[in-house]
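> One structure, as structure tokens, below. Some questions next.
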Amino acid sequence: MASAELQGKYQKLAQEYSKLRAQNQVLKKGVVDEQASSAALKEQLKMKDQSLRKLQQEMDSLTFRNLQLAKRVELLQDELALSEPRGKKNKKSGESSSQLSQEQKSVFDEDLQKKIEENERLHIQFFEADEHHRHVEAELRSRLATLETEAAQHQAVIDGLTRKYMETIEKLQNDKAKLEVKSQTLEKEAKECRLRTEECQLQLKNLHEDLSGRLEESLSIINEKVPFNDTKCHLYNALNVPLHNRRHQLKMRDIAGQALAFVQDLVPALLNFHTYTEQRIQIFPVDSAIDAISPLNQKFSQYLHENASYVRPLEEGMLHLFESITEDTVTVLETTVKLKMFSDHLTSYVRFLRKILPYQLKSLEEECDSSLCTPALRARNLELSQDVKRMTAVFEKLQTYVTLLALPSTEPDGLLRTNYTSVLTNVGAALHGFHDVMKDISKHYSQKASIEHELPTATQKLVTTNDCILSSAVTLTNGAGKIASFFGNNVDYFIASLSYGPKTASGFISPLSAECMLQYKKKAAAYMKSLRTPLAESVPYGEAVANRRVLLSSTESREGLAQQVQQSLEKISKLEQEKEHWMLEAQLAKIKLEKENQRIADKLRSTSSAQLPGLAQENATVPTASSQEEAAAKVPTEPVQHTSLVGMLTRMPDSEAPDVESREDLIKSHYMARIAELTSQLQLADSKSVHFYAECRALSKRLALAEKSKETLTEEMRLASQNISRLQDELMTTKRSYEDQLSMMSDHLCSMNETLSKQREEIDTLKMSSKGNSKKTRNR
């Protein structure tokens, strides 16, 4: 693939280079011509400048001469004016002198007349020369401007070509570097492939020895142990289930899917072609909305209106054929029963074409007989009639061969196996003929439509209908070309796949035996699937014994933990009960304290009115209270201990007990510490149990992953053993392909070096010529 891409790429580069070289030659010639024309124009301009200078000099001399003559004429006029009165005075005195003056005057008049005429002639020449000079100067200036613009354009083209050549050179140099790197990598890969080839050859030798030994052993076992061989009888051999080739089935399903897609593209085009033909009959040569069409065209339109019932079943038949080819079946001509359905639908469509063919020919003749038909249009109608006949003949030929291909699935003796190749080849030829016919129809109909559009009576509806028919014909041409090329590319595979079946090469004897074989294949597949069902997982004996010990130790520890948890729960329940009891006691004590405080406050209010009696009474009661305290101090104090489930509490006698608040705080702190201790023990037990559960779950997951990896490794080993034989063949082919690629790349590199050198030389010449042109243009 890489060599093909490189070859295509360099072919494109060579084509572009040849185009640019031809353009360069043309541009060179144009530049040379322009240079020659510019030189000639320069010479002409120089000569015109010289003639202009001469004319200017003559003009100056003539103006100077005219001034002299004008002065002389003035002098003569003055002398004449002076001589006239003198002549009157001396008229009488000298007739001789008058005669002399008269002669001189006539001489002067003649001389003056000649000078005036010469002056007038010179003025006219000067004016004409000036006008001619201006005209020539304007032409030369305009031509000079055009030549300068053309020179600038040529210079821009040369600069663009120079840039393009430089970019091409850089691109080729980059490609050369890439190809060198790629050649080095390919050489490395070739070395690696040689090493792998040697290793595979050794493996192949070992495998050959192993397989030859196994073959001998198998042959001996077969000769000794197999009492019955069912391959001798063809009737029984046809019932044997062939080896399942999944690649072949997938390839056949892919080919059938492509054929279905092509037919699905072809069917709408056929529908549009027939439908728009029906619309055209209603419009031309007589519009049905204005006048009634002929009975022939009415019948033809009625038949064309039924085209969908003949065309759409083709798509349905191909769809059923595609659905019948699955991965689990065996696809040969004897098993493709749905091909008969497609053949029947194609036969019905061919009958439809035969039915409408005479009406279509008569309709074209009717168009030729109409007054609107020109000779060119009549010629196109005759060509279309011949194309329609060829189209019907091609479909009949295709239907015949498809019917022959459908015979093995219905009639066993309808088509011999030796004729399969010729039938498939003829199908491909018929498809190519269909493509050629559709190309001719598209060509002739486009010419016919262009002629009809030029008619004065052509309506917009006719133009639109002709365009629709032409587009449907082009779609049919493209679809026919795709189907023909598709079938031509796969006909070798179709011919090779016909031997896919029983190994005795006799094939399937009859469709009934093929159907029985497919049933046996399904039963065999179900049996193999039942054999492949995995058994229940078992544990080895040594591992089971070790796991049993761990399980026993874990169950013992679990029972101990359960007992501890139960005891902790019981203690917690008792602590909750005591907590509620002491909370009630605390509430009662709080109520008593509030009552006592209320009583003291009431007593203080009642005694506030009588302070003196109260003070006397207090003084009297103080000695009694002090005496009681002394008596109580004499009694020995002994602490009292209270025990419960919560712990031990030491309480002093009531005589030395602290106040109510301190006692409540002590009890509360004791119970809170005990509850915290119990909750910590319970959390520790819970965490240990969760840890053990998580560890057991992780071990079970690891075990499942190990089993899965074991299965994948066994599958990979099986696939590797299957790929060994395939790799051995591929190594030889890759080795040859790499050698061919290296040789081709070396040739390409040599050719690229030559082209690069040539392009550099041409670019140097172009640079020199462009520099010369730029200098000439600057000088000009």
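Note that the numbers count up from 1, one per residue, in the order the chain is shown.
Cβ atoms here come from the backbone N, Cα and C positions, even for glycine.
On a predicted model such as this, the values are computed, not experimentally measured, just so you know.
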> I'm validating the feature mapping. Which of 696-737, 738-779 is tagged coiled coil in TrEMBL?
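Range annotated as coiled coil by TrEMBL: 696-737.
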> In TrEMBL, which of 177-197, 618-638, 639-659 is tagged region 'Disordered'?
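Of 177-197, 618-638, 639-659, TrEMBL gives region 'Disordered' for 618-638.
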> List, by number or range, the same-chain residues at least 6 past the coiled coil (696-737) whose CB is under 8 A from its CB atoms?
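For the coiled coil (696-737), the nonlocal Cβ contacts are 190, 193-194, 196-197, 200-201, 203-204, 207, 537.
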